[in-house]
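Colleague: Could you have a look at this structure, given as structure tokens, before my questions?
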Amino acid sequence: MTEKKYIVALDQGTTSSRAVVMNHDANIISVSQREFEQIYPKPGWVEHDPMEIWATQSSTLVEVLAKADISSDQIAAIGITNQRETTIVWEKETGKPIYNAIVWQCRRTAEICEHLKRDGLEDYIRSNTGLVIDPYFSGTKVKWILDHVEGSRERARRGELLFGTVDTWLIWKMTQGRVHVTDYTNASRTMLFNIHTLDWDDKMLEVLDIPREMLPEVRRSSEVYGQTNIGGKGGTRIPISGIAGDQQAALFGQLCVKEGMAKNTYGTGCFMLMNTGEKAVKSENGLLTTIACGPTGEVNYALEGAVFMAGASIQWLRDEMKLINDAYDSEYFATKVQNTNGVYVVPAFTGLGAPYWDPYARGAIFGLTRGVNANHIIRATLESIAYQTRDVLEAMQADSGIRLHALRVDGGAVANNFLMQFQSDILGTRVERPEVREVTALGAAYLAGLAVGFWQNLDELQEKAVIEREFRPGIETTERNYRYAGWKKAVKRAMAWEEHDE
């Protein structure tokens, strides 16, 4: 029998599908990536073609093995991590979607959300699902599809249609329609799942008129869900044994499995999650209560804060403002000046996320004087990412009563040393950057590997988690608080900018 030397993580993201092969030392052997089309039918609407998600993801799996010259019988297991909340409804019989995938960023269900608020459901939804009422989550997207595709609700009642987030869709395709499952982390992002009883919430299903028959079975994040054949019939059968939504996978990949440990992912937006152990902490400060993975993939809880504009604000400097040619240049120009010369950039281009949740805020630059140049604005834009992270951390510490001692970081922007140092300065906390940057894929690989005994336990993984660089605060508390007070003043003035009917 061939030795099982590798784990494959499938990382299905918002703009691309990736496959990553890792060995027993958690080193990356090979990566394959394919982008796919973003569909914008109307302003504020975002869709993907589910068949293209499947085509790109399945081809990266074949490609990554070929690239590394690994045969499929050397693979111990496959783990899946995915863009969360994105919603797919398909026919059970044919496996064909009845509508495009409605993506997490899509705002088309804003009106449905307003109705839920008017019906006084905010408190119920926050208490039972851990979420705020927002188009971001899957529930209203499923309702929208059932409302707009003729006859679909009746078909769903008859058991002819299935709903799934992206993880569920991929497993359904990989097992030729034999397995219809999701995991607790993905279920906790639907606004249909009761995070205390760990079951679909009957009241939410009734309110949104979603038939229970179409929902997947919900399982732990680390167990064998089914097998997939690589190389068609008669090919190698490989267990699929790990699932987690991308941010929860990153939390696990950073080994934040103890209460009070937190990570921040700096991507297009920022996502900070703090593990709160076995207790679900209800946020009084605009954060989400969500499900995370415990040491063996069991249910833990986490607080989550999402910042909409992080890396995206650097892209704005490059693409719209033409102040830089490449995102990497931002660090160079930011360090050409001593400070921002009193300037604050509030990148509320699509409103503000946690802890403000103000869809009517808009981007602004404050504190302009005659001496301000492009470098000051570039520096202030980078600093805004760190300030927004502090906003979320303050809310987390207030909710949980836990004082953070170190923040683990990952994502594209962590390569920026200026930003990481400023982050440490403004938080007054150590910032730890890991050696392996692919922590989302790492989390999915860990969950899959633990389920099949490829790794025995977390202690074995702890040895592999190397911190590449630690940033420590380099400014005084008075200076830190003075700068942060300026940020708070700027945010206040950017809020409620856009007119809206009360």
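Placement of Cβ uses the backbone N, Cα and C atoms for every residue, glycine included.
Since the structure is predicted, the reported quantities are computational estimates derived from the model, not experimental observations.
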Colleague: Kindly point out which candidate in Gly120, Gly164, Gly177, Gly412 is recorded by Swiss-Prot as part of the ATP site with Thr14, Thr15, Ser16, Thr268, Gly311, Gln315.
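Modeller: For the ATP site that includes Thr14, Thr15, Ser16, Thr268, Gly311, Gln315, Swiss-Prot also lists Gly412.
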Colleague: Excluding Arg84, Glu85, Tyr136, Asp246, Gln247, please set out which residues of the same chain place their CB within 8 Å of the center of the CB atoms of the glycerol site, keeping sequence order.
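Modeller: So the additional residues around the site are Gln83, Thr86, Trp104, Arg189, Gly245, Phe271.
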Colleague: Give me the sequence-ordered set of same-chain residues, not including Thr14, Thr15, Ser16, Thr268, Gly311, Gln315, Gly412, with a C-beta within 8 angstroms of the centroid of the ATP site's C-beta atoms.
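Modeller: So the extra residues in range turn out to be Gly13, Gly267, Ala312.
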Colleague: Look up Arg84 (sn-glycerol 3-phosphate binding site) in the DSSP assignment and report helix, strand or coil.
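Modeller: Once the DSSP labels are grouped into three classes, Arg84 (sn-glycerol 3-phosphate binding site) ends up as coil.
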Colleague: So if I measure Cβ to Cβ from Gln247 (glycerol binding site) and keep only same-chain residues at least 6 apart in sequence, which ones fall under 8 Å?
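Modeller: Spatial neighbours, sequence-distant, of Gln247 (glycerol binding site): Arg84, Thr265, Phe271, Leu273, Glu304.
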Colleague: Grab the ATP binding residues from the record (Thr14, Thr15, Ser16, Thr268, Gly311, Gln315, Gly412) and give me their largest CA-CA distance in Å.
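Modeller: Roughly 18 Å, rounded to the nearest whole number.
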Colleague: Would you give the longest CA-CA distance, in whole angstrom, between residues of Arg84, Glu85, Tyr136, Asp246, Gln247, the set recorded as binding glycerol?
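Modeller: Looking at Arg84, Glu85, Tyr136, Asp246, Gln247 as a set, their Cα atoms extend up to 15 Å apart.
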